[in-house]
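In TrEMBL this protein carries:
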DOMAIN    501-549  domain 'SOCS box'
REPEAT    95-127  repeat 'ANK'
REPEAT    204-236  repeat 'ANK'
REPEAT    237-269  repeat 'ANK'
REPEAT    312-344  repeat 'ANK'
Amino acid sequence: MEIAKASFRSVVDTCWEAIDSIIYRGSKQEIRDAIRYGSTEEVVHLVDKCNSEQVIRDAICYCIELGKTDFLQCILQRIDNSGKERMIITKQYREDHSPLHIACKLGNQEAVSCLLYKGFLVNIVDKSNQTPLWVAISEGQHSVTEMLLANTEIDVNVYVKQSVKGTRETQNITVLLQAAILDDMKSVIALCHHNPDTNFEDATGKTALHYTSCNGRTDGVRTLLHCGADINKLTKDFESPLYLACQKGHAKVARLLLESGAIINKTEKRNEHTSQLTCQKYPLISAIENCHTNIVSLLISHGADIHLSLSNGRRPLHIACSVGTLETVKVILKSRGDVNIKDSQGQTPLFYCLRNGIFQIAVRFYRINNKDSKLYQTHKIDENLELLKEGNKIMEYLLKCGAIVNCKDIHGLSPLDHGMKTHRHVTTFILLKYGGKTDRKYYEETSWLINETYNNEFTNLFLLYILIKHELKFRNVLPMIMKRSNIITGSANDFIFEEFSKPASLKDQTRIIIRNSIHRITGKEFESNIHGLPLPKTLKAYLVYNEIEPMLNIQNEIL
C-alpha cells in the first residue's frame, strides 16, 4: 500500500513538473519580450501575474544581460524581503550561475550594486563552487572586484576545485591563487587587505608568492611578504620563489627576496627518498643555466656559495662552462673560483667547454626524415654557430687564466681527446694551439681516425683540416686507396679497402668523404648544393677542388 502511494505521488509530481515547465517556458518568453521591447509597467505586471520563482529569476538575469538596470530595479522592488520570494535571490536552479555571478562576469557595476543592496549573498557559490568574486577576478573585472571586496561579509578563502591539466587529478584554488596565476597584481594586492591564506598551494605546491616571483611582480611580492607569505616555501619540484625569480631573470624580485631573508645555499629535504633533483634547485645554478649574469653577481654578493657540490661532484663553474656565457664565467672566476677544480670524474671546467653548444654542420638538418625539409634553414645553423663561438671564447679564457690544457680525467683522457671523440673540431684547434697533446699510439692501434671520419660523415669536417694543419696525418693507419680519376666526381667506387695499402693524400680523402656524404644525403649533384651551404668561403673553395690551402683563414671565420 505504501509503495503504491509513493508511486502515485511520484507520478503526480512528475505531472506538475511537466505543467510547470510548459507554463515556465511560455511565461519566460513573454517576460523576455517585455524586457526587450516593452515598458517597466508591463514587465512588473507580468512578474506579478506569473508569481514563479524561476520566471522572476530568469527575468532578473535577462535584465542584467541586456544591461537594463531600470527594469532590474523595478523587478527587485517587487520581491518581498521575507517569505517565499526571498529564495529567488539565493536559490540555485538548473542554471550554473546566480544573477550576481552573471553581473560579475559581464562587469555590470550597476547591477552588482543593486543586487548587493537587495541582499544577494556575496559568497554564494555556483555548481563549480565559484563565488562571484572568483568570476570577477577570472574575467578581469577590476571595478566589480573592488565592489565585492568592499562588502563586509566577503570571504576570500573560499576555494574552487579544478581539474589538473593533462591528468585526472583535481586541485583546490583560492581567489588569491587564481589572481596570481592570471598575473592580476591589482587583484592580488587588493585581496591581501582581506586576510587571505597566502600560503595556500595548488597541485604543484606553488603558492601565490611563487607565481608573482616567477612573473617578476615586485609590488605583488612585497605585498605578499608583508601579509605573511612563506618566503622559503618549496614546491613539489623543490623550487623556491627565489629560484623561480632567478630562473626567469627578474633581478629586482630576486634582490627583494634576498633582502627579505630568502635562503640561497640550502634546499630542504622532505624525506629520505628525496629525488636527486633537490641538489640542482639552487638559485645560483638556475641563474647560471639561464645566462642571467647580473643575477649571478647579485647572488654571489649576497653570499651564494660558488663551491657548491652538485650531483657528480660538479661545481657552479662546471655548469657555467657547459651552458653559460663568458661573462658568467668571468664573474665566478673573479670571485675566487678554481679554474682547475675537478668533478667526480676528474674533469675540470675545460672539459665542460666542449659541451657548450652542440656544433653541427648543415647536413644534420638535411638528414631529417622529412621530404619537405628545406636546405636553407640557416637560422638554426647560425644559432649553433653562436653557441659554438661562446664555448670557444670560454675555453680560451680558461686557458689564459691558467687552466691545465693536458690534464687527464679518471679514464686517462685529456680535453683534446674528448674534443676529437665528440667532434668538437674548432675547440680541438684551440687546444692544439695552446699546447694540447694527444696519445698518437692509442689512435694508431685503434684506427680511430678513419673509422670515426667515415662513419660520421660530415661531422669530422674540421677535425681533418686541423690534423692536416698540425701534421698529424696518421698515414700508416688509413687502410684504403683511392682511385685518382674519381677524385672530382666523388662516385661510389672511390674507396677500395686493402689492409695497410698506401693511402692517397689525406687531403684528397677528406674531400671525397665530404662530397660523397652530400651526394648521398641530398641525392643531387654536389656542385648544385655547395654554394647554398652556410660554410666559410675558403672551405667552399676547398670542397669544389680549387687549389686553396684548406685551413687558410678558416679559423678566423669560425672562431
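Each Cβ is built from the backbone N, Cα and C atoms, and glycine gets one as well.
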Would you mind splitting the repeat 'ANK' (95-127) into helix, strand and coil residue counts from DSSP?
17 helix, 0 strand, 16 coil
Helix, strand and coil totals (DSSP H, G, I; E, B; other) for the repeat 'ANK' (237-269):
17 helix, 0 strand, 16 coil
Mean pLDDT for the domain 'SOCS box' (501-549), rounded to an integer?
58
Using DSSP, what's the helix, strand and coil tally for the repeat 'ANK' (204-236)?
16 helix, 0 strand, 17 coil
